[in-house]
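Working notes for the structure below.
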Amino acid sequence: MADNKANKEQVHRVFQNISKKYDRLNNIISFEQHKVWRKRVMKDMGVRKGMKALDVCCGTGDWTIALSKAVGSTGEVTGIDFSENMLEVGKEKTASMENVKLVHGDAMELPFEDNSFDYVTIGFGLRNVPDYLVALKEMNRVLKPGGMVVCLETSQPTLPVFKQMYALYFKFVMPIFGKLFAKSKEEYEWLQQSTFNFPGKEELKRMFEEADFINVRVRSFTGGVAAMHLGYKEKDNTKGD
């Protein structure tokens, strides 16, 4: 528990400090591929108008904005993040969107009732949560029966060429970007370590299943440097018609 608390405090400091530069940093580190990946994921999701969505670890709101457009004026999107500064940037970006609400909170203790949302997403945020499984179980709890959960995250490439390129990128290139944008060694080291240490796609799929998601499928992007995990909460078949 002490390690988790220290971890959470460190992550909070990092994102409080890089909030104003986060979008630019994300574009540079991913070579803007995160936008391409998210568009593909949104296509796979097939979000319907009028639905309620929750974007966990919403950060500055990029996925929240995409969901807002997808659910339309009759739908609702809630974004939640534990960094107040990241949320401030997100509020500026979503100021004109009447169907968006951004709230401050913890992914491991979501402040929502059970069975509240049709979709729950988390993009490039799960790796920053101290306990992945706890967060996934919370996402399951607030998802409606039959609802969809989607995670878009960095992953560990399996193809030999991409594995070598990935290792070289994290050893030599990412530290340079980190030093340019981060204020301290702690910040850029965290960005590097959290990504490199994140579970591979098969291990994460097992976690989804352990969190009681069903029909979990995985889709890799760009040689496996990122992956989508999409699953569902089991429908409640105990109720009659």
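Each Cβ is built from the backbone N, Cα and C atoms, and glycine gets one as well.
Residues or ranges marked as S-adenosyl-L-methionine binding site in Swiss-Prot: Thr60, Asp81, Asp106, Ala107. Under 8 Å, Cβ to Cβ, and six or more positions away along its own chain, Ala107 (S-adenosyl-L-methionine binding site) finds Val56, Cys57, Ile80, Phe82, Ile122, Gly125, Leu126, Val129, Ala135, Glu138, Met139.
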Taking the Cβ of Asp81 (S-adenosyl-L-methionine binding site) as the centre, count every other Cβ atom within 10 Å, in any protein chain shown.
26
Taking the Cβ of Asp106 (S-adenosyl-L-methionine binding site) as the centre, how many other Cβ atoms fall within a 10 Å radius?
18
